[in-house]
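Visitor: Shown below is the structure under consideration.
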Amino acid sequence: MPFGTLYTRPFNPRSLAILAIAKANNLPLKIKTITSFKDATEEYLQLNPLGKIPTFVGADGYVLTESIAIALYDSNTTLLGTTGQEYASIIRWMAFGITEILPALGGWFNPLIGRANFNADNIYQSKDDTLARLKILDNHLCGREYLVGETLSLADLFVLGIVQGAFRFFLDKRWRDEHRNLSTWFERVHALPIVVDVAGPPVLAEYEMPIQPPK
């Protein structure tokens, strides 16, 4: 019997950690695809009135929205740190990913694929904002293998899902060579079987996706 149902779509940055944790904990998840909030059915809007993803519905009918909450519910104690400070730091980096990196990255990427209006000035600003936030991660990871503590935590899996699109479409070899702390961390965490099983092998950009209107 499934642990529950996860409403999401392929390559959704907010869902990778949820899927990886479920895989690691042998929690079978039924996946239902929601391609866009514009296509959300009335049934789905009853679960999540904003029509956003992901949304989790447990086998017992328990409904949970917001990716951080779902990831925490899905997780086990081994991924949540060993002290109160580590737990707080894990939440900190998850929040940093979802509130700081993802909106900036979306402002860079979405106009290039027609998902948002194309305004070059705004896109360049979003690019600068994204790279500044990734620099914070790169600096933090100096001398560290993981974001929090000495072992893998939920923060690593969650932030990996947030930044994988940047590595796939924008962060070319030159950038990766100049930011080895973050790049090495990305390669290390993405190589984990629980990640590869749900996301496939990493795809690394050969060149930065150009800022030009979508064709």
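The chain as shown is numbered from 1 upward.
Each residue, glycine too, has its Cβ placed from N, Cα and C.
What Swiss-Prot shows for this protein is this:
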- 2-82: domain 'GST N-terminal' (DOMAIN)
- K52, E66: glutathione binding site (BINDING)
- K52: substrate binding site (BINDING)
- 83-211: domain 'GST C-terminal' (DOMAIN)
Visitor: Express the predicted model's confidence over the domain 'GST N-terminal' (2-82) as a mean pLDDT, rounded to an integer.
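Guide: Here the predicted model's pLDDT, averaged over the domain 'GST N-terminal' (2-82), is 91.
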Visitor: Give me the DSSP three-state residue breakdown of the domain 'GST N-terminal' (2-82), ordered helix, strand, coil.
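Guide: So the counts come to 29 helix, 17 strand, 35 coil.
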Visitor: Taking the Cβ of K52 (glutathione binding site) as the reference point, list residues of the same chain whose Cβ is under 8 angstroms away and which are at least six residues distant in sequence.
Guide: F37, T65
Visitor: Could you count the residues of the domain 'GST C-terminal' (83-211) that DSSP puts in helix, in strand and in coil?
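Guide: In the domain 'GST C-terminal' (83-211), the DSSP-based counts are 91 helix, 0 strand, 38 coil.
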